[in-house]
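*Asks:* Take a look at this one; I'll ask things after.
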Amino acid sequence: MADTPSDESPEVDAISGPDVDRIEFYGGRWTSVLPIALFVLWAIVQSGLFRIGDTTGLVAGMLVSLIVGMFFVKGDWTDYANTIFDGMTKRVAATAVVAWLWAGMFANTLQAGGFVGGLVWAADAAAVGPALFPAVTFVLAALLATGIGTGYGTTVAFTALFFPAGILLGANPVLLFGSILSGAVFGDNLAPVSDTTIVSAVTQDADIGGVVASRFKYAIVAAVFAFAAYVVAGGAMPGLDISQQAQDLFIENSEPAGLVHLLSMLVVIVTAVMGRHIVEAVSWGLVVAVAFNLVFGLAPLSAVLLFRVPDTSVAAGAVAGLPVVEIVDPGNAGVTGSLYSGAAGFFPLIVLVLLIIAGSEIMIRGGGFAAIQDWLLENVATGVRSAETTMVVGTAFVNSMITINTAAEIAIAPYIARIGQKYNINGYRRANILDANTSALGYIFPWAGGVLVGFATMQGLPDQYEWFTEAMIVNPIQVWPFVFHGWLLFFVFLLSALTGFGLEYTTDRRSDEVSRV
Amino acid sequence: MSILDQFLAGATFRTTTPSFEAGEEIEVYVTDYDEADGDLYALVGETRLSFVDGSRDLVGCRVLARVESFDDDAHRGTVAHLETLDRGSF
C-alpha cells in the first residue's frame, strides 16, 4: 500500500480464516465478487466513459453495488450486513486513512510555505527543463517513499508540490503524475518500514532485512528502465499551454526560501528511518514546517489555521486580536488553513475506501477469493515455473481488484505461501513476488488507492494557484499506461518466474526468523 | 552471509530440478502424500524427494531431513525425517 510504516506486527490475523462467518450466495461463491465487479464497472463508466472524476460519485457507486450484492445472499442478510461493518473497521483501512490525513496536512503546510516556488526556482536554476522533470521527479519520489515508507504519503506530497511546479515548467501532466506514482511504487516495494514490505516478510516467514536485500536486484533493473522511459517520454510528450504571462510571473516570483522545507521533509525521513511511527515522524515534520513558515516569514500562522469568526458571535470582540482569528460577515464564517484543507481533501476518498474494503471482505467471506485461487492451483500451477507465474499473476490480479494494496496483500498472502511451499520456493522469493506486484498494481488502475489519492490531492490545486485550472487535473483513467516503474516491476517478475531468474529454494538458504530483525 | 552476498543471492537463472548429495541435511516443506503408492514426498522445484519414514501428518510441515540417496538423472531421491520444525504458515 500505500503503506504506512508501522513498528507493530501487521495484522496477519486479518486474513479471514475458516472460523469466520461464511456468506452463501445464489449462484455459488463466484457471485460474491459481484459488489466489487459492479463497482469497477461503475468506476470505468463514470471516470472513463463519462469523464467525471467525482470521488463522491464513486462512493454512490460502491453503496449501490453493496446493496445489489445483498439481494443475492442466501438466507439471513444479517451476516452480509455485519461483514460490511467488519470490513470497514479493519486496521489496514485505518492505517491508510491516518497516512492520508497526516500527509495531507504536511504537504499543504509545505505548500503554504512556498515550497513549490522553491522547487520551480531550483529546477529553473539547475536548468531541469520540462523533458527531464518527470524523470527527476521519479527519482526524488522514489527516494522519499523509500525513506518514509509510505507510497500514499509520497503521492500526496509530490502531487501537492512537484506536480504544479512541473506543469508550470511545461512538463506533460499525465506523464508527471505517472512518474510520481512510479516513485511511490518503488518506495512501497523497497522501504524496510513500508507496511507491504513488513506484511510480505511476516507472512512468508522471512526476515525484513533479508527480504529488502534480496529484492534490490529486481527493483533496480525496473527502475533503470523506468528512468530511461521517463527521459524519452518526457521529450516526446508535450506540456500544457499555460499562459506565458502567468508562467513568467510565477517563475519570476519563485524564491529559493521555500526550499528550506527540504529540511522539513528530511525530518520526516530521518525520524521514520530511525524507526518512529509514521504518525510521529510526520507530526515532527509538521511542527518543523510550521516553525520554518513563521521564523522565515514564509507564511503567517493564519495560513496554517484560521477561524473566520462571524461578527455576530459573542466572542468576536474578545478574540479579534488573535493571529488565528479573522472577524468576518456571518456568510463567510468557517475554518481554513493548510491543516484544515490538507485533511478535508481526503474525506470522500476515505469513505470510498472503507466501503471498498467492505466489498472485498464480502468477496473473501463469500468464497470468491478461494474460488479464484482453487482454480489457479488446479489448472495453472502444475510445475514450479507455472506456480511462480501463477503467484505473480494472481497477486497482480487481486491487487488490481482491491483498492488498498496492503489489504489485497494480506488477503492473497496465505495462497502465495501455500503455492510456494508446495514447491519449496524460498521465503525471500515468495515475499518478493508478493510485495513487488502488490506495490506495482496498487498505483496503476483508476480505482487503485494510490491513483485516487493523487487525484484527490490534485482537485485541491485550483484553489491554491490562480493559473491552475480544472482542465489541468489528470483523470485517473488516463494515467495507467504511464506508471512505468509499476509495469516494469510486474514484467521483471513475470520474466523471472518464466526463466527462473532469482529463484531460490528453501534448501538453498534459510531465511532468518522475523523476530531476529 | 555478508551484506553483499545478501544483495547478490539468487541472481542467477535457477534450474527447476535442483540436485542433492547423499548425507546432506536439508530443510523442506512436505508437499503431499500419494495415496496410490503410499509415498510421502517433498518437491523442491520439480525434484521429488521421498521420505523413507514419517507419517502423512507431516504434509505441510517444515522438517529437517537427511538425503539418503539421490539419482541425478531422474531428479529423484530418498530422505530420512530427522525433526519436525514447524507446521508451516497457513
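In case you wondered, yes, glycine gets a Cβ from its N, Cα and C as well.
In TrEMBL, annotation is done automatically, which means it is predicted and not curated.
According to TrEMBL, the record shows the following:
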type	residues	note
DOMAIN	A:183-487	domain 'Na+/H+ antiporter NhaC-like C-terminal'
TRANSMEM	A:26-45	transmembrane segment
TRANSMEM	A:57-73	transmembrane segment
TRANSMEM	A:93-120	transmembrane segment
TRANSMEM	A:132-152	transmembrane segment
TRANSMEM	A:158-181	transmembrane segment
TRANSMEM	A:218-237	transmembrane segment
TRANSMEM	A:257-275	transmembrane segment
TRANSMEM	A:282-307	transmembrane segment
TRANSMEM	A:339-358	transmembrane segment
TRANSMEM	A:440-462	transmembrane segment
TRANSMEM	A:482-503	transmembrane segment
*Asks:* Restricting to CB pairs under 8 Å, which listed stretch, A:26-45, A:218-237, A:282-307, is in contact most with the transmembrane segment (A:257-275)?
*Replies:* A:282-307
*Asks:* Please determine whether the transmembrane segment (A:57-73) and the transmembrane segment (A:482-503) are in contact (criterion: at least three Cβ-Cβ distances under 8 Å, sequence separation 6 or more).
*Replies:* no
*Asks:* Counting a contact as 3 or more Cβ pairs under 8 Å, with residues at least 6 apart in sequence, do the transmembrane segment (A:218-237) and the transmembrane segment (A:158-181) touch?
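*Replies:* Yes, the transmembrane segment (A:218-237) and the transmembrane segment (A:158-181) are in contact.
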*Asks:* Sequence-remote contacts (6 or more beyond its ends) of the transmembrane segment (A:482-503), Cβ cut-off under 8 Å?
*Replies:* 138, 142, 174-175, 177-179, 181-183, 185-186, 189, 214, 217-219, 221-223, 225-226, 229-230, 233, 384-385, 388-389, 391-393, 396, 425, 429, 432-433, 436-437, 439-441, 443-444
*Asks:* Which bits of the chain, at least 6 residues beyond where the transmembrane segment (A:158-181) starts or stops, bring a Cβ under 8 A of a Cβ in it?
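*Replies:* Sequence-remote neighbours of the transmembrane segment (A:158-181) are 107-108, 110-111, 115-116, 119-120, 123-124, 128-131, 133-135, 137-138, 140-141, 144, 230, 233-234, 237-240, 242, 247, 250-251, 443-444, 450-451, 454, 457-458, 460-461, 464-465, 467-468, 472, 474, 478-479, 481-484, 486.
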